[in-house]
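Colleague: Got a structure for you, questions after.
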Amino acid sequence: AAMALSGDLWAELPAERRIFCSVLLFSWAVYLWEAFLAHRQRRVYRTTTHVPQELGQIMDSETFEKSRLYQLDKSTFSFWSGLYSEVEGTMILLCGGIPFLWKVSGQISGHAGFGPEYEIVQSLVFLLLATLFSAMTGLPWSLYNTFVIEEKHGFNQQTLGFFFKDAIKKFVVTQCILLPVTSLLLYIIKIGGDYFFIYAWLFTLVVSLVLVTIYADYIAPLFDKFIPLPEGELKQQIEVMAKSIDFPLTKVYVVEGSKRSSHSNAYFYGFFKNKRIVLFDTLLEEYSALNKEPAEGEDGENEETKSKTKNKKQGCKNEEVLAVLGHELGHWKLGHTVKNIIISQMNSFLCFFLFAVLIGQKELFAAFGFYDTQPTLIGLMIIFQFIFSPYNEVLSFCLTVLSRRFEFQADAFAKELGKAKDLYSALIKLNKDNLGFPVSDWIFSMWHYSHPPLLERLQALKDAKQE
């Protein structure tokens, strides 16, 4: 009877109230599900205090304990920042934060001589204020993460000055890209007629391809120093391996990631016959700043870094670096990069098509406090962020499953290149350097891990090593 009554009450609610309540309920349902999974994983961190037998050969008890405490701290931090984020989002919706910010944006653009007919100008002011608000509320969490958690576990290499300079630079560069792209997108939607969704999709496709092309050459160097990998054995070996699988390599760079953090990585980028490989200095034993002794008489900051990282041999040997690259090039050779772009663009087209279907629904705008106006930017925000959230969750899970499959295939590719033994030792080293915890709750792992758990990857490689 109670269920029937609540069903009747729900049915009597106006459509906009039902939409608003559904969005809030779904948001909290996702948060609670994530919190439940994180709780299960934290229990693993708390209870697995000794190296499991199957990991005896891979991990010493000291590293195991370090990684356990690091992941426990990260998970606890994630719980509180996630709770704050959810409460903040709920309060913004309940207190009408979005229509309020839109009204303020209108007043600001009005003072600058742009009336209500200049919707795109008002939209850009709204976007600037919203991203500024987001940056300010996220700043304390980012500071705590970098200077308390990452610092405590020996990963942070930044000074406070570097952090703020970096944050301001990031904000400015983001605005320089976001504002012009958004204004053009809104203009295309306004003048595109019945088939605006096709033009809007094509525009976002072109923008994403341009950004991928220019990112590493023009945007990334604003934040980190990229230097060509010096001539030598490693460079020759990389070129030989690239040639053996017809990878059109043009340049190999080393990026000074160690100024920021001691986490390590490698990636490739570029289109068609112009591909570049980027190696983090922290990945390379020879280049890792953490392995170098500071010269006598250097400033105190170096002394501090030295004391923070002494006894820590970091990075991989050349053969292991080649094995890691064999894995990365496997993603290219097996078409994973192209498949990911195709999936992303098909999804983008579908979203724009559904947006075109839904944009005329006044109830959607009314649900979020827009009774008299239906601004295009607000429509994009409501539909893409709130209405599509159930679809986005399902898609995200499917892509995680697909990513794990791709990782196994890329490992198998490196194995075919004869790199199984070196990749095996490289994965262990990288896990140790990054303090990855090799034991995970099965549901947490299934939902979150885009890379398969370490033991599963090692097992697949071990079969090859023994052959």
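Backbone N, Cα and C define each Cβ position, glycine as well.
Predicted automatically and left uncurated, TrEMBL annotations should be read as such.
Per TrEMBL, the features are:
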{"type": "ACT_SITE", "residues": "Glu328", "note": "active site"}
{"type": "ACT_SITE", "residues": "Asp411", "note": "active site, proton donor"}
{"type": "BINDING", "residues": "His327, His331, Glu407", "note": "Zn(2+) binding site"}
{"type": "DOMAIN", "residues": "41-225", "note": "domain 'CAAX prenyl protease 1 N-terminal'"}
{"type": "REGION", "residues": "294-313", "note": "region 'Disordered'"}
{"type": "TRANSMEM", "residues": "17-37", "note": "transmembrane segment"}
{"type": "TRANSMEM", "residues": "77-100", "note": "transmembrane segment"}
{"type": "TRANSMEM", "residues": "120-144", "note": "transmembrane segment"}
{"type": "TRANSMEM", "residues": "171-189", "note": "transmembrane segment"}
{"type": "TRANSMEM", "residues": "195-216", "note": "transmembrane segment"}
{"type": "TRANSMEM", "residues": "349-371", "note": "transmembrane segment"}
{"type": "TRANSMEM", "residues": "377-402", "note": "transmembrane segment"}
Colleague: Among the binding-site residues His327, His331, which residue has the largest number of other Cβ atoms within 10 Å of its own Cβ?
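Modeller: When each Cβ's neighbours within 10 Å are tallied, His327 leads.
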Colleague: Quick one: mean pLDDT on the domain 'CAAX prenyl protease 1 N-terminal' (41-225)?
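Modeller: In the predicted model, the domain 'CAAX prenyl protease 1 N-terminal' (41-225) has a mean pLDDT of 93.
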Colleague: Give me the non-local Cβ neighbours of Glu407 (Zn(2+) binding site): same chain, 6+ apart in sequence, Cβ-Cβ under 8 Å, ordered along the sequence.
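Modeller: Long-range Cβ contacts: Ser450, His451, Pro452, Arg457.
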Colleague: Applying the under-8 angstroms CB criterion, which one of 120-144, 171-189, 195-216, 349-371 scores highest with the transmembrane segment (377-402)?
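Modeller: Most Cβ pairs under 8 Å with the transmembrane segment (377-402) come from 349-371.
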Colleague: Please report, as numbers and ranges, the same-chain residues at least 6 past the borders of the transmembrane segment (17-37) whose CB is under 8 Å from any CB of it.
Modeller: 10, 79, 82-83, 86, 89-90, 93-94, 363-364, 367-368, 386-387, 389-390, 393, 441, 443-444, 447-448
Colleague: Once the chains shown are all counted, how many other Cβ atoms turn up within 10 Å of the Cβ of the residue listed as 'active site'?
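Modeller: For the residue listed as 'active site', the count of other Cβ atoms within 10 Å is 19.
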Colleague: Among 77-100, 171-189, 195-216, which stretch has the most Cβ pairs under 8 Å to the transmembrane segment (349-371)?
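Modeller: Looking at each of 77-100, 171-189, 195-216 in turn, the most contacts to the transmembrane segment (349-371) are made by 195-216.
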Colleague: List every residue in the same chain as Asp411 (active site, proton donor), at least 6 positions away in sequence, whose Cβ is under 8 Å from its Cβ.
Modeller: His327, Gly330, Leu423, Arg457, Ala460, Leu461
Colleague: An 8 Å radius from the center of the His327, His331, Glu407 Cβ atoms defines the neighbourhood of the Zn(2+) site; name the other residues of that chain inside it, in order.
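Modeller: After dropping the recorded site residues, what remains is Glu328, Gly330, His336, Phe406, Gln409, Ala410, Asp411, Phe413, Ala414.
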